[in-house]
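These features come from TrEMBL:
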- 81-441: domain 'Ionotropic glutamate receptor C-terminal' (DOMAIN)
- 95-153: domain 'Ionotropic glutamate receptor L-glutamate and glycine-binding' (DOMAIN)
- Pro162, Thr164, Arg169, Ser334, Asp378: L-glutamate binding site (BINDING)
- 208-226: transmembrane segment (TRANSMEM)
- 277-303: transmembrane segment (TRANSMEM)
- Ile310: site 'Crucial to convey clamshell closure to channel opening' (SITE)
- 459-483: transmembrane segment (TRANSMEM)
Amino acid sequence: MNYQKTRLVPVGVYNGSQVLMNTQRKIIWPGGETEKPRGYQMSTKLKIVTIHQEPFVYVKPAQTDGTCQREHTVNGVLIKKVICTGPNETIPGRPIVAQCCYGFCIDLLIKLAMTMNFTYEVHLVADGKFGTQERVNNSNKKEWNGMMGELLGGLADMIVAPLTINNERAQYIEFSKPFKYQGLTILVKKEIPRSTLDSFMQPFQSTLWLLVGLSVHVVAVMLYLLDRFSPFGRFKVNSEEEEEDALTLSSAMWFSWGVLLNSGIGEGAPRSFSARILGMVWAGFAMIIVASYTANLAAFLVLDRPEERITGINDPRLRNPSDKFIYATVKQSSVDIYFRRQVELSTMYRHMEKHNYESAAEAIQAVRDGKLHAFIWDSAVLEFEASQKCDLVTTGELFFRSGFGIGMRKDSPWKQNVSLAILSSHENGFMEDLDKTWVRYQECDSRSNAPATLTFENMAGVFMLVAGGIVAGIFLIFIEIAYKRHKDARRKQMQLAFAAVNVWRKNLQPYPTDITGQLNLSDPSVSTVV
């Protein structure tokens, strides 16, 4: 019997020893085919190709006995490692040697092998590339390189790596369901704010500082005038009491600064009611200013202020490239393909094409060294790098959202089972556990949450201010000494002058006071003397 068009149809007869087929009716095979499908034998030992890309695939040298060293994750879980063959980058000629591979994708491979009952041999891609099409000998013929080329060339049965799913690759190979969703983001070097000598003045703008300084002197002058012209300022209410010292301008200035800096007023406070009202208002003003300054000072001296970073793919520094701001990605990668295909990003691609790197590790190191200002790459990788290397930070919103999938050939018998196994791993939380173990581990969190301490660089300006006060005091003491000596010399001159006048007066004392009555004015000699 054969199921055709919603009913069972007889296509042959079994007579007890053999089957006699009905030549009038053809068997309809699954998929509506009338041709008998060719049988195939499913291999259970697969050749897996991968690529060094942390945290998805780590690569370390194997031990001398060909085994991998036992290690544990930060959570105390034993790391599962597999032997993988690949070129040794540290030896000239890049010979193929046995190495140890582990990470997110290796744990996923081990899980799939247990679920689907297959064995595997893992090797690293020979050219270190993910895979893109390139022209052969400057002809119109294009061939795939990297992991894509090895898969299509029969050197591998499956790609287990952070391979981005895109339309160009999906035309040639079969992708599983995504095992990791992500997008593109931008990695930049974290700018450490440098403390300057005027750090303690940064809580207020220069205009506000000028207004505060002006207010101090205006209030001092007003206190002096109010206390001077008030009938209760210079004298006490009872006129029979002794007169108090008047509030001088210097005393008013000292009072105004003392209230603002909370340094103690002492003597020299205003006496009149009108001046004291102004003094109380000034004290309230000073309290608000000092409290605002103190609250804002901590943010400027202790907390890292974010610098002006890239806002995203539409940032003017990316859209209008220049040699002063260099950004790049990895050559012949999915990101490279994305920028090449987008017409509106052609200007950016021409800039990036001249500066692209061979691998993500080289580009990340270039960002740390300051040779590259921004690196555009997969968000999962860059967020992990930023969490491990505290001098790096990702910036801007995600764009070109996609996912990582396992690559297989179009005729692979494993494609459906692999996708089902990945979906099951998402449902039972296995993928979430891999994320927590390999991707979301934050090494910089403890450092960023630690209490920040002030250093000499933060407070250098305050010490310079004290040093300036000492220098100003020494300079002014010399002026005071010179002024005092000049004043003493003038006083001595005045004393000598007064002494000379007194001597002269004493010399005139013998003569009578009424000379007109005692002297003979008719005497010519007397009149001449007079």
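Just so you know, the numbers here start at 1 and follow the chain as drawn.
Cβ coordinates come from backbone N, Cα and C, glycine included.
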Reduced DSSP assignment, Pro162 (L-glutamate binding site): strand
Inter-residue C-alpha distance, Ser334 (L-glutamate binding site) and Ile310 (site 'Crucial to convey clamshell closure to channel opening') (nearest angstrom): 22
DSSP-assigned states of the domain 'Ionotropic glutamate receptor L-glutamate and glycine-binding' (95-153) in counts, ordered helix, strand, coil: 20 helix, 19 strand, 20 coil
Asp378 (L-glutamate binding site) - helix vs strand vs coil (DSSP): strand
C-alpha spacing of Ile310 (site 'Crucial to convey clamshell closure to channel opening') relative to Pro162 (L-glutamate binding site), in angstrom: 25
Asp378 (L-glutamate binding site) and Ile310 (site 'Crucial to convey clamshell closure to channel opening'), Cα-Cα, nearest whole angstrom: 16
Taking residues Pro162, Thr164, Arg169, Ser334, Asp378, which bind L-glutamate in the record, the widest Cα spacing (Å, whole number): 17
Cβ neighbours within the same chain of Asp378 (L-glutamate binding site) - under 8 Å, at least six residues apart: Pro162, Thr164, Gln182, Gly183, Leu184, Thr185, Val335, Phe404
Mean predicted confidence [pLDDT] for the domain 'Ionotropic glutamate receptor C-terminal' (81-441): 83
Listed in sequence order, residues not in Pro162, Thr164, Arg169, Ser334, Asp378 with Cβ within 8 Å of the centre of the L-glutamate site Cβ atoms: Phe130, Leu163, Ile165, Asn166, Ser333, Val335, Ser402, Phe404
For Ile310 (site 'Crucial to convey clamshell closure to channel opening'), the number of other Cβ atoms found within 10 Å of its own Cβ: 22
Conformational class of Arg169 (L-glutamate binding site) under the three-state DSSP mapping: helix
Cβ neighbours within the same chain of Arg169 (L-glutamate binding site) - under 8 Å, at least six residues apart: Gly131, Met148, Leu163, Phe175, Ser334, Gly407
